[in-house]
Amino acid sequence: MSSGGLLLLLGLLTLWAEVTPISGQDRPKKPGLCPPRPQKPCVKECKNDWSCPGQQKCCNYGCIDECRDPIFVN
């Protein structure tokens, strides 16, 4: 397969992974809690946990939605 074909396939797989399931069911949240609210201007960095890389969560702090490393409480 040519490198152009591989890039196209990778792009399509990436888009497919970001699409919400057609059934309308939300994916489960990732484990852990969001750390305390950061002191910074409003920013919308993510829509849900799955729009964040790795184990990061999409944390909502009022007008701020950003990807953050989770904290775990025993």
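Cβ atoms are placed via backbone N, Cα and C, with glycine included.
Quick caveat, the model's predicted, so the values are computed rather than measured.
Per Swiss-Prot, the feature signal peptide maps to 1-24.
Residues or ranges marked as domain 'WAP' in Swiss-Prot: 27-71.
Taking all protein chains in view, 22 other C-beta atoms sit within 10 angstroms of the C-beta of Cys59 (disulfide bond). Residues annotated as disulfide bond in Swiss-Prot, with similarity to another entry given as evidence: Cys34-Cys59 (among others).
Residues or ranges marked as disulfide bond in Swiss-Prot (evidence: similarity to another entry): Cys42-Cys63 (among others). If you draw a 10 Å sphere around the CB of Cys42 (disulfide bond), it holds 9 other CB atoms from the protein chains shown.
In the structure as shown, the Cβ atom of Cys58 (disulfide bond) sits within 10 Å of 20 other Cβ atoms. For Cys46-Cys58 (among others), the entry in Swiss-Prot reads disulfide bond.
The feature disulfide bond is assigned by Swiss-Prot to Cys52-Cys67 (among others). Taking a C-beta cut-off of under 8 angstroms and a sequence separation of 6 or more, Cys67 (disulfide bond) has the following same-chain neighbours: Glu45, Cys46, Ser51, Cys52, Pro53, Gln56, Lys57, Cys58, Cys59. Reduced to three states, the DSSP call for Cys67 (disulfide bond) is strand.
Sequence-distant neighbours of Cys63 (disulfide bond) (same chain, six or more apart, CB under 8 Å from its CB) are Cys42, listed in sequence order.
The number of other Cβ atoms within 10 Å of the Cβ belonging to Cys46 (disulfide bond), over all protein chains shown, comes to 19. The disulfide-bonded residues under consideration are Cys34, Cys52. Their Cβ neighbour counts within 10 Å are lowest for Cys34. Here the domain 'WAP' (27-71) has a mean pLDDT of 91 out of 100. For the recorded site, Cys59 (disulfide bond), the DSSP three-state label reads strand.
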